[in-house]
Amino acid sequence: MLFSLRELVQWLGFATFEIFVHLLALLVFSVLLALRVDGLVPGLSWWNVFVPFFAADGLSTYFTTIVSVRLFQDGEKRLAVLRLFWVLTVLSLKFVFEMLLCQKLAEQTRELWFGLITSPLFILLQLLMIRACRVN
């Protein structure tokens, strides 16, 4: 089942522009991942492969800050704080997952097991389920 753009904006709490930025980052990441796995670019590290995701997170955080400040100035204080809290929580959990996965791939450490790496995603899924129930 596919979701409409309106439903995605409602459930994720991101603006359409932010979703576009993250999809563009996913496209660039996919190309870099294919280049890294095939070995076509010898000096490409895992940290360089994940740069599009890190950049998208940074741009999304910047955009969210601007939107929250504008909402706060317009008198929508409650909406501004809730939006800022929600988006920063989602981006923080996503960022922690990306950092842990990148560290595991780059260093092959035994201390990082995949249950620990994916735990931010499980927390994020629980939060999205709660938000989906609240929205509908």
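In case you wondered, yes, glycine gets a Cβ from its N, Cα and C as well.
Summed and averaged per residue, pLDDT over the region 'Interaction with STING1' (1-51) gives 90. Annotated region 'Interaction with STING1' per Swiss-Prot: 1-51, in sequence order.
As annotated by Swiss-Prot, transmembrane segment applies to 14-34 (among others).
Residues 14-15, 17-18, 21-22, 24-26, 28-29, 32, 79-81, 83-84, 87-88, 91, 94-95, 98, 101-102 of the same chain lie 6+ residues outside the transmembrane segment (50-72) yet bring a C-beta within less than 8 angstroms of a C-beta in it. Among the features that Swiss-Prot reports, transmembrane segment is placed at 50-72 (among others).
According to Swiss-Prot, the feature region 'Required for the lysosomal localization of the STING-TMEM203 complex' maps to 52-136.
Per Swiss-Prot, the feature transmembrane segment maps to 81-101 (among others).
Look at Swiss-Prot and you will find 112-132 (among others) tagged as transmembrane segment, backed by sequence analysis. Within the same chain, residues 11-13, 86, 89-90, 93-94, 96-97, 100-101, 103-104 sit at least 6 positions outside the transmembrane segment (112-132) and bring their C-beta atoms closer than 8 Å to a C-beta of that stretch.
Under 8 Å from some Cβ of the transmembrane segment (14-34) lie the Cβ atoms of residues 5, 8, 44, 48-53, 55-56, 59-60, 63-64, 67, 87, 90, all in the same chain and six or more residues away from its ends.
Nonlocal intrachain contacts for the transmembrane segment (81-101), taken as residues 6+ away from its ends with a CB within less than 8 angstroms of a stretch CB, comprise 12-14, 18, 50, 53-54, 57, 60-61, 64-65, 67-68, 71-72, 112, 116-118, 120-121, 123-124, 127, 131.
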